[in-house]
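See structure below.
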């Protein structure tokens, strides 16, 4: 098993490599650094201009791998490879399969704001097709030398899937020796102006929502407390704010922390563009996010299933 | 077993959280005078003017101008009273919340009955008006009309008003998804509405014919007053200014200015539109005219495009009004449910959408049924009487509270007290008396029904009552309660107990301190 990190030929995402190192160390897994060569028309056409371009891209990929190599500390077992594939997305998925990855790590889009996660087309595609949880590093992420995950925060939405994911995260957190925190977030919607019921009409709704969420989360926290081994710490938190950015910033974050988000609400692209809560949480997360795609959910839950539960 | 006497039960007053709303949130004062005025204008224009003329002109004649001015004046007086109550009772929300915190549980239920009528029925009325303009728009754009049976209530010769039902269904879906309208969106809607009405005036004035004003008041003063009763519905929404007072900058100065400015703008626009319409079309032609403003323009110009512009503007703006009012209805029921005054189902919030889904669906179904089968003039009158009654109670509450709690801090005081509240009461009663008997009977029946329901169910389920019975709130004087901390019964507040029901900080609900970005960031560590 391994942690796979994807670097783009010609451009090594330092944040992604830092995150991959952090996860590999925390989970005690070797690291696979992969640069996917998606140029050209396949092996049969390596002559002429095509061939020249392919060689250029491979050189770029090697350069990116060298750059990554310099970032990986000696305590991490790592291998570096250039993988040919018809697309970056397909290539990364193939590497994950070949190396039995437990996490695929990628960087956020370069154009996004520093410290936040903008989703590029490759990452968006991966979220829809990956069979492993995809970890995304915010721009400029770095956890410090020798760091291990201090805590996993599992975003809790009140759905059954997110409850199962939270429990699985707790088991994985316990095995990695870090704490677990359940977090529910909300952006306080503005009441519809001119409804003549006051602009703070939403407060009562939010209070009721918060009570419901806490009640449900209590049951999960009870289950987590019974785990053996138990996570280093168990917490529940509700982050509130006028917008999603403020809601995410309203809770404290450790430097080496990951936010786990289930993608059951990410769904097809049409719904992503309409703006589900999960997408907004991912976008505004100040720490790396581990998105468990819908097809990876069962595997992830199985991976974190307590021994007593089979 | 209840330890309270019947009188204590009926007039128990909800203690007011010391620092603001239900969740103890303190909102930033961010709304300036201009925006506050726009909230008033936006909340008001659009609900009535697009289709109320065809209901009021046949009754009042060209003197409908006076009906508009009288309805505006009475609404203005009431809204000033509303503003005083909103600024002195620091709870969020509607006149229901104000009444619960000042007059007591029974009067609050009376107000709730009025509000349910006002909000629920006005949503239905607006949706019915919308369907007329949708039909007009479809006709202009595609040259076809919806079948009569699917456009009118049974009393008007149809079977069901389908567009109105579809509109409410769309609004329901948006509200379930958790649509948030910002003040900016509201501003845009207001501009569209005003632009469309100004367009109507600019084009309509070209068809001016002074002869139409010859028989100015065919039914005399009584006709004018009955017209004012129907038109009062067009001023619903002004109270939004008062309820936004919590977020208004310098409310003592800005609230009354914004109210008066909004009232002047709205009345001015209404009178201008009414004058234009009356000048362009003989009184007799208004009767039963669907999508009136569009039709008038088409008759003047002899082409369909001006009517299309007006119809499109009306369709957009009435849509937003329906959404806003439906939203208000669900949140009032939510507040009532949390107080134990309405079934618990209305307070259930879906964790995923963060909206009261069951509440929204139930309200939408009821409103859709009303919109589908009731004629518009009946709906308009029912809305008016609901609003008038709610304003009446608010005006009374101002007087009661001034006598009972003279030292209470009032960030805004009604000018010329007690003349304004008394005039407001007289004005509301006067308009009510001229409404059709059937409207008053249905209204009285509905209110009685709600009060009967209260006496059998709400009184026993009252959350406030239970907290008094279990010693979480102690009675310290007639009509006054002091809140004590939940677990050990220790009193936590003495100093402010003199004010109305002033007590401890909030009700200790899990949501305390959640709103407005003040998250309990490290909370709940186990």
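Keep in mind that glycine also has a Cβ here, set from the backbone N, Cα and C atoms.
These figures come from a predicted structure and were not determined experimentally.
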Checklist entry - Any idea which of B:337-356, B:357-376, B:457-476, B:477-496 is down as transmembrane segment in TrEMBL? => result B:357-376
Checklist outcome for this item: Among B:411-439, B:498-526, TrEMBL marks as region 'Disordered' the stretch B:498-526
Checklist entry - Quick one: which of B:6-30, B:106-130 does TrEMBL have down as transmembrane segment? => result B:106-130
Checklist outcome for this item: Residues outside the transmembrane segment (B:257-283) whose C-beta sits under 8 Å from one of its C-beta atoms, at least 6 past its ends, are 33, 36-37, 39-41, 44-45, 49, 53, 57-58, 61-62, 64-65, 68-69, 72, 75-76, 79-80, 83, 194, 197, 200-201, 204-205, 207-210, 212-213, 215, 218, 231, 234-235, 238, 241-242, 248, 292-293, 296, 299-300
Item to check | Contact between the transmembrane segment (B:303-328) and the transmembrane segment (B:158-176) (at least 3 Cβ pairs under 8 Å, separation 6+) | outcome: yes
Checklist entry - Going along the chain, which residues at least six beyond the ends of the transmembrane segment (B:357-376) come within the CB cut-off of under 8 Å? => result 51, 55, 120-121, 123-125, 127-129, 152-156, 160-162, 164-165, 167-169, 171-172, 175-176, 326, 329-330, 333-334, 337, 345-350
Checklist entry - Between the stretches B:33-53, B:65-85, B:106-130, B:158-176, B:188-210, which wins on the count of C-beta pairs under 8 angstroms to the transmembrane segment (B:216-236)? => result B:65-85
Item to check | Remote residues contacting the transmembrane segment (B:414-432) - C-beta distance under 8 A, at least 6 residues beyond either end | outcome: 70-71, 73-74, 77-78, 80-81, 83-84, 225, 228-229, 232, 256, 384-385, 388-389, 391-392, 395-396, 398-399, 402, 440
Checklist entry - For the transmembrane segment (B:158-176), which partner among B:33-53, B:65-85, B:106-130, B:188-210, B:438-456 gives the most CB pairs under 8 Å? => result B:106-130
Checklist entry - Which stretch from B:33-53, B:188-210, B:382-402, B:438-456 shares the most C-beta pairs under 8 Å with the transmembrane segment (B:106-130)? => result B:382-402
